[in-house]
Amino acid sequence: MQIKTLSINEKHLIVTHILFTSASAISGTFVFIFLWRIKNDLTYIAYFELMSVLLMMFGYILSGFLLTFVKSKVIFRISFLILILSHLLVLILKEHVIDYVLIVGILQGLGSGLYWGTYNLMQLRETEDKSREYFLGVYSGGFTFLTTLFPFFVGALITLSPRFTNLELGGYYLLYACSITLLLILYGFIESLPSLNLKYFKIDKIINTTNSKMFRIFSLYELFSGIYETGLKLIFLIFSYRLLSTELNMGILTSAFGAISGFYIYLIGKYINTGRRPLWVLIGSTFIVIGRYLFITLLTIPSIIIDRILNTLGSPLFGLPSTAIILSAIENRTELIVERQEQYLVAREIPLGFGRFFGIMFFIIFIYIFGQNNLQMIKIWFILISSLPIIQWLILNKIHYRYVKPTIVSNTEVDSI
């Protein structure tokens, strides 16, 4: 399979998503470290993340409602403007942004939610089951190649900028300005995408969807995805920063592995055996879990390197087939009623959003009970959350063999799912 086999819409969608995730990476790679350096308190970071994930879920659902009134291009542009506003607040308030961290979190979450809700529907409509891994591989590989230098560039700018800006955190402000520039470019480029809207979007239909057998299985997977995402990220970044001392060192390490992983991800997407998706997810999740266990147990620079190696190997094997399984299950079981696809996409964001909420909320409760400096208990928390990819594999395996294998579905069967 070659890149030229992708449709023009798929290519434009890939470029759009690469630009968006690049803008997000520039401003968000070290956002937790930024807040940590302003005020050495995990609770501020946790509350920022809490508001962000709550509003992301709201924005995701809101995107479906808005698509019944306006075209997808309008939703994309609204999301970019909201994110630009959040970045401008950081540039204006500087270190005082810590006092308005909830507002920034709200804007970040809302803008991201509107984008992802619209993008995910377009990704489903513009790609096919037989080429999804390749589409995802081209995007992921291309993004990784293009952003290989981002962490190094970001880390170097943050570390060296005080010398010529006379601001301790001047590098962060320059990065937010760069992110705004990319979002403005996206604002114009989005015109190249096809227009998409929905005939109807009803909350009661979304709620009814949650009563289906397929959705209950989806819910478990998405719930654990959300808990893993927010329950682990904050601790991992803070401990990595403590071990590596500077953002520059963190950037060098990330860039080194990014150079390797970009081509690797592309190859996985191109050559992976789509008939064995659950097996690849199992192998990928095993690599990820082992890497995380070694990192938190040893807490040394070599353990960070080993974790990065195993995650570089495991993340594409876990992520690409997982996404393909979910999208194919939705498509296979709703092919007779296209409007249901959006219902499933929005409905699955509900448990994912709650998972993100629970992940960060449990962490806030955890540090209130055990304290921010109780290393032993933090290690236990990290190990528990790190085990979730294995549980997710068990769920995906069930989804694959129940809903993805080709079947002839009658109208009655579709109505019963």
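Note that Cβ sites are derived from N, Cα and C of the backbone, with glycine treated the same way.
Predicted automatically and left uncurated, TrEMBL annotations should be read as such.
For the transmembrane segment (12-38), the list of distant contacts is 6, 44-45, 48, 76, 83, 87, 95, 97-98, 101, 112, 115, 119, 122-123, 126, 135, 138-139, 142-143, 146-147, 150-151, 154-155, 158, 168-169, 172, 175-176, 178-179, 182-183, 185-186, 189-190, 192-193, 233-234, 237-238, 241, 247, 250-251, 254: same-chain residues at least six beyond its ends, Cβ to Cβ under 8 Å. Taken from TrEMBL, the feature transmembrane segment covers 12-38 (among others).
Taken from TrEMBL, the feature transmembrane segment covers 44-67 (among others). Residues 32, 35-36, 74-75, 78-79, 98, 101-102, 104-118, 121, 196-198, 201, 206, 226, 230, 233-234, 342, 345-346, 349-350, 352-354, 356-357, 360-361, 363-364, 367 of the same chain, all 6+ positions outside the transmembrane segment (44-67), place their C-beta atoms under 8 angstroms from a C-beta of that stretch.
What TrEMBL lists as transmembrane segment is 74-94 (among others). Long-range contacts of the transmembrane segment (74-94) within the same chain: residues 16, 23, 27, 59, 63, 66-67, 100, 103-104, 107-108, 110-115, 117-119, 167, 169, 172-173, 176-177, 179-180, 183-184, 186-187, 190, 193, each at least 6 residues beyond the stretch ends and with a Cβ under 8 Å from a Cβ of the stretch.
If one looks beyond the transmembrane segment (100-122) by at least 6 residues along the same chain, the residues whose Cβ comes under 8 Å of a Cβ in the stretch are 13, 16-17, 20, 24, 35, 44, 47-64, 66-67, 72, 75-76, 78-83, 85-86, 89-90, 93, 193-194, 196, 341-342, 345-346, 349. As annotated by TrEMBL, transmembrane segment applies to 100-122 (among others).
Under the heading transmembrane segment, TrEMBL lists 134-158 (among others).
TrEMBL lists 170-190 (among others) with the feature transmembrane segment.
For 223-244 (among others), the entry in TrEMBL reads transmembrane segment. Below 8 angstroms of C-beta separation, residues 30, 32-33, 36, 42, 45-46, 49, 53, 250, 253, 292, 295-296, 299-301, 304, 351-360, 362-363, 378, 381-382, 385-386, 388-389, 391-392, 395 of the same chain, each at least six residues beyond the ends of the transmembrane segment (223-244), sit close to that stretch.
If you look at the transmembrane segment (250-267), the same-chain residues 6 or more away from its ends with a CB under 8 A from one of its CBs are 29-30, 33, 137-138, 140-145, 147-156, 240-241, 244, 304-305, 308-309, 312-313, 315-316, 320. Here TrEMBL flags 250-267 (among others) as transmembrane segment.
Within the chain, the transmembrane segment (279-306) has long-range Cβ neighbours (under 8 A, six or more residues past its boundaries) at 232, 236, 239-240, 243-244, 253, 272-273, 313-322, 325, 379, 382-383, 386-387, 389-390, 392-393, 396-397. The feature transmembrane segment is assigned by TrEMBL to 279-306 (among others).
Counting residues 6+ beyond its ends, the transmembrane segment (312-330) has Cβ neighbours under 8 Å at 123-124, 127, 129, 132-133, 136-137, 140, 214, 218, 221, 257, 260-261, 264-265, 268-269, 272, 274, 277-278, 280-281, 283-288, 291, 341, 344-345, 348, 389, 392-393, 396, 399-400, 403-404 in the same chain. Residues or ranges marked as transmembrane segment in TrEMBL: 312-330 (among others).
Annotated transmembrane segment per TrEMBL: 350-371 (among others), in sequence order.
Annotation comment: TrEMBL describes 377-396 (among others) as transmembrane segment.
The highest tally of CB pairs under 8 A with the transmembrane segment (377-396), across 134-158, 170-190, 350-371, is held by 350-371.
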